[in-house]
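Enquirer: Pasting a structure here, questions to come.
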Amino acid sequence: MPACCSWNDVLQYETNKVTRIQSTNYGTVKWVLHMIVFSYISFALVSDKLYQRKEPVISSVHTKVKGIAEVTENVTEGGVTKLGHSIFDTADYTFPLQGNSFFVMTNYVKSEGQVQTLCPEYPRRGAQCSSDRRCKKGWMDPQSKGIQTGRCVPYDKTRKTCEVSAWCPTEEEKEAPRPALLRSAENFTVLIKNNIHFPGHNYTTRNILPTMNGSCTFHKTWDPQCSIFRLGDIFQEAGENFTEVAVQGGIMGIEIYWDCNLDSWSHHCRPRYSFRRLDDKNTDESFVPGYNFRYAKYYKENNVEKRTLIKAFGIRFDILVFGTGGKFDIIQLVVYIGSTLSYFGLATVCIDLLINTYSSAFCRSGVYPYCKCCEPCTVNEYYYRKKCESIMEPKPTLKYVSFVDEPHIRMVDQQLLGKSLQVVKGQEVPRPQMDFSDLSRLSLSLHDSPLTPGQSEEIQLLHEEVAPKSGDSPSWCQCGNCLPSRLPEQRRALEELCCRRKPGRCITTSKLFHKLVLSRDTLQLLLLYQDPLLVLGEEATNSRLRHRAYRCYATWRFGSQDMADFAILPSCCRWRIRKEFPKTEGQYSGFKYPY
């Protein structure tokens, strides 16, 4: 059993054969596209540092808020309302939050002196009543301030609500004060400490420089590396109004972006700060506008526990840290170069597109005859023929036909279904250019034979003379030398073919037909050229010479070996060859499919 694979099959190399076109226009297009691609690749390599191995940042954040605010508000004591002044420091307006966030209270609503007892519910929607039947004992509404007792009691002179067991008096639904009580909080400052680490590069740093002055304040232009921020400046950089946001509260994002170049020759690793609002700006359209929460201060009075409930409005600052650190890596550089080499194939794609477009049948028939400036583009047809080779699928229905009175070859790719091959139109294909180099190498006796008496020395064209039609020739014959086919009925239409499309002289009467196809010396020389030691008997010699004559005619009239394999010889030529090199029993098989 032969081996399925050998070292000769393994130790080999395959490459593509290319066509080189000497053209100034296409050469210019190629180099322009190459320069564009090279410029883009180089720019992207340097600007985006694609030669580096990137790693995301690992970060920790710590904040400290400083500032004092004086608050003036209405205070009720003994039924008398007067202005009260109070001082708020860091412990009063900041609250511990989880994650990279901190909160600054800017406004509040107090409910003082609450104690756990029974009292009427605040007259919100769904809490008002007219009798005890509207109140259900033990009912707990998520929107309620307590648990209903089942009684309907007066809330004021005009309204009644269900009695609840809760912190009384219940909290009233009040609007946040305008302007905000702690509107001076825009002058507060926050110190942000941000430590980052790139474990893959073993690099750690922070945003606070050793040379930083503790009295500096961040400014986008004058001091962009200072890590102390004024709250009002943060809102100004984000395009927001601190005074308006302070009334209902909101959420502000502080973005710290680290784009670190850790290469020793161009080291740079400093943060860049930016700010933007994260919550819904349209507080009037929001279902729950702003940002607020409740907390309580508990105390005892006459041994009774009481509390002051505070609804705090304020601004939550979320610190968002992101970025990458990059360092030169030879593997990343090789991968990038390898991935961009295919971009240079853009020139090939564009030039092939131009050649294919300007060599199309549409341009040949619809553009070039009417556009004089486009005539130089006809050279693309020549380039296309040199670049592309069309190969037909070797199907049993494929046949090629050549008429001596037509400059082209006809391709027939269909079932004949009893229809004579002579009348099938087929598709016109260009006749391949004949290569005479093989003939010139052979010492063939192709010199002119002596003229017979009365013979003219002028070349007589085959289409100039109309031969009389023989009475024995079939109806489809145009030269008068064809014979009816002897094949079975279902295959007979394949041999119903003449050498001419229109009436005229038969190709078998030409001198070249005799010298190339019927010359015994020429055919024997071709057989010996293939097998120098060939020795055959008379019958075998005739068979060899007959098939060689078939091949000589097909190669002569069709040029291409691919076409010659599927060429159908005219009846007149086929019978003339059989007459010269007959078979003993006189039975011939006809055309055989080569594959």
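Glycine residues also receive a Cβ, built from the backbone N, Cα and C atoms like all the rest.
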Enquirer: From the list Cys162, Cys168, which cysteine is recorded by Swiss-Prot as disulfide-linked to Cys135?
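Expert: Its disulfide partner, as Swiss-Prot records it, is Cys162.
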Enquirer: Which of the listed positions, Arg125, Arg159, Arg276, Arg410, does Swiss-Prot note as ADP-ribosylarginine?
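Expert: In Swiss-Prot, Arg125 carries the ADP-ribosylarginine label; others show none in the record.
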Enquirer: Cys506, Cys552: which one does Swiss-Prot list with Cys479, Cys499, Cys572 for the Zn(2+) site?
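Expert: The candidate from Cys506, Cys552 that Swiss-Prot ties to Zn(2+) along with Cys479, Cys499, Cys572 is Cys506.
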Enquirer: Cys119, Cys129: which one closes the disulfide with Cys152 in Swiss-Prot?
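Expert: Swiss-Prot says the disulfide from Cys152 goes to Cys129.
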Enquirer: Look at the disulfide annotations in Swiss-Prot and name the partner of Cys168 from this list: Cys119, Cys216.
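Expert: Disulfide partner per Swiss-Prot record: Cys119.
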Enquirer: From the ranges 36-53, 342-359, 360-377, pick the one that Swiss-Prot records as region 'C-cys anchor'.
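Expert: So the range that Swiss-Prot calls region 'C-cys anchor' is 360-377.
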Enquirer: Could you tally the C-beta atoms, other than its own, that fall within 10 angstroms of the C-beta of Cys572 (Zn(2+) binding site)?
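Expert: Around the Cβ of Cys572 (Zn(2+) binding site), 24 other Cβ atoms lie within 10 Å.
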Enquirer: Enumerate the residues of the same chain, Cys479, Cys499, Cys506, Cys572 excluded, that satisfy the criterion Cβ within 8 A of the mean position of the Cβ atoms of the recorded Zn(2+) site; list them in sequence order.
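Expert: Surrounding the site, in chain order, are Val404, Cys477, Gln478, Gly480, Asn481, Cys482, Cys498, Arg500, Arg505, Ile507, Thr508, Thr509, Pro570, Ser571, Cys573.
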Enquirer: Around the Cβ of Cys377 (S-palmitoyl cysteine), how many other Cβ atoms lie within 10 Å? Please give the count over every shown protein chain.
Expert: 18
Enquirer: Tell me which of the recorded positions Arg125, Asn187, Ser342, Ser390, Cys499 ends up closest to Asn74 (N-linked glycosylation site) in space, Cα to Cα.
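Expert: Considering only the listed recorded positions, the nearest one is Asn187.
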Enquirer: Out of Ser390, Cys479, Cys506, which of these recorded positions is nearest Arg125 (ADP-ribosylarginine) by C-alpha distance?
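Expert: Nearest by Cα distance to Arg125 (ADP-ribosylarginine): Ser390.
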Enquirer: Fewest other C-beta atoms within 10 angstroms of its own C-beta: which of the binding-site residues Cys479, Cys499, Cys506 fits that?
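Expert: Taking Cys479, Cys499, Cys506 as the binding-site residues, the minimal 10 Å Cβ count falls on Cys506.
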